[in-house]
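Participant: What TrEMBL records for this protein is below:
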ACT_SITE  S112  active site, nucleophile
ACT_SITE  D268  active site
ACT_SITE  H296  active site, proton donor
DOMAIN    35-297  domain 'AB hydrolase-1'
Amino acid sequence: MYPAIEPYDHGHLDTGDGNLVYWEVCGNPEGKPALVVHGGPGSGCTPGQRRSFDPERYRIVLFDQRNCGRSLPHASDPATDLSTNTTQHLIADMERLREHLGIDRWLLYGGSWGSTLMLAYAEAHPERVSEMVIVSVTMTRRSEIDWLYRGVGRFFPEQWQRFREGVPEAERDGDLLAAYSRLMSDPDPAVRAKAAQDWTTWEDAVISLEVNGKPNAYSDRPPASLLAFSRICAHYFSNGAWLEEGVLLREAHRLAGIPGVLIHGRFDLGGPLETAWQLAQAWPDSRLVVVDDSGHTGSDTMREEILAALDGFAG
């Protein structure tokens with residue numbers, strides 16, 4: 001990792017529909033432009049994400065996706081309307097931010113949910129993407145969502161039963177994610193808090209066997225961050241991220257000419273390697289790196305592969 005750095009510029013981008021998207025820039029103002037696309041959805045960007053880049057060679061842009069982190073209004077407030085928070089809105093925000101900063105093309109870096117958003121953006125605007133480094137690859141297909149919030153429960157039956165029992169009994173055999181989404185918008189703060197805790201406790205269980213899957217990695221967030229993360233996750237995943245099923249893989253031909261590195265842990269239980277492998281087959285300009293000692297949360301080896309990929313594209 002490179003030394004910690006602070007932004008030299010930051011602000012809130014007015015999207016014109018009542019949202020203010022937080023952004024920051026650090027590194028070399030004359031360096032190669034790169035955009036960090038955080039995961040979750042709803043996690044927000046972190047200072048540690050700046051440290052994957054050589055600050056002498058990169059102009060590093062980070063932003064908090066709608067309604068999380070320092071973006072406003074915040075999803076922890078039940079009055080915040082999430083109807084203007086979809087994948088298509090986030091793609092438009094990325095383009096708006098690129099234009100605001102006067103950037104012609106930029107490298108995209110991110111992982112997990114961020115990989116879905118990066119792919120959606122790059123397929124919509126391939127002429128604006130110079131390279132991509134994607135970690136813990138997802139495409140947010142229904143099969144992937146169903147695996148993460150139901151199928152992987154075969155490995156954690158006790159924890160999945162608790163997750164299932166977090167919604168009203170009448171909804172336990174139906175759409176659990178939609179049920180959670182409704183609970184997290186409940187006017188009663190106790191109902192919202194319990195739903196967020198139950199959601200993140202399940203997320204904790206999925207990564208609990210990993211080297212970096214520290215206890216309570218998701219559920220230890222501050223209350224506002226915890227609720228925003230859970231609410232936005234449920235909002236996106238109960239709606240299939242507003243993506244036509246399988247569209248990102250089907251449209252991968254639009255990535256032709258964009259060099260990419262896909263870095264995925266072999267033991268990623270929540271996001272199996274199959275997704276990264278399928279994308280690599282459909283994207284000849286990409287290179288798949290399988291990290292044998294890593295799951296979803298990474299490892300020292302995965303960190304080295306990320307740094308090597310970003311250093312390799314720095315020019």
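Backbone N, Cα and C define each Cβ position, glycine as well.
Keep in mind the model is a prediction, meaning the values are calculated, not measured.
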Participant: Please list, in sequence order, the residues in the chain of the residue listed as 'active site, nucleophile' that are at least six apart in sequence and whose C-beta is under 8 Å away from its C-beta.
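Facilitator: Listed in sequence order: G39, G40, V135, S136, T138, G271, H296.
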Participant: Need one number: mean pLDDT over the domain 'AB hydrolase-1' (35-297).
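Facilitator: Across the residues of the domain 'AB hydrolase-1' (35-297) the model's pLDDT averages 97 on the 0 to 100 scale.
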Participant: Only counting partners 6 or more residues apart, tell me which same-chain residues put their Cβ under 8 Å from the Cβ of D268 (active site).
Facilitator: S136, S294, G295, H296
Participant: What is the Cβ neighbour count of the residue listed as 'active site, proton donor' at a 10 Å cut-off, with all protein chains included?
Facilitator: 25
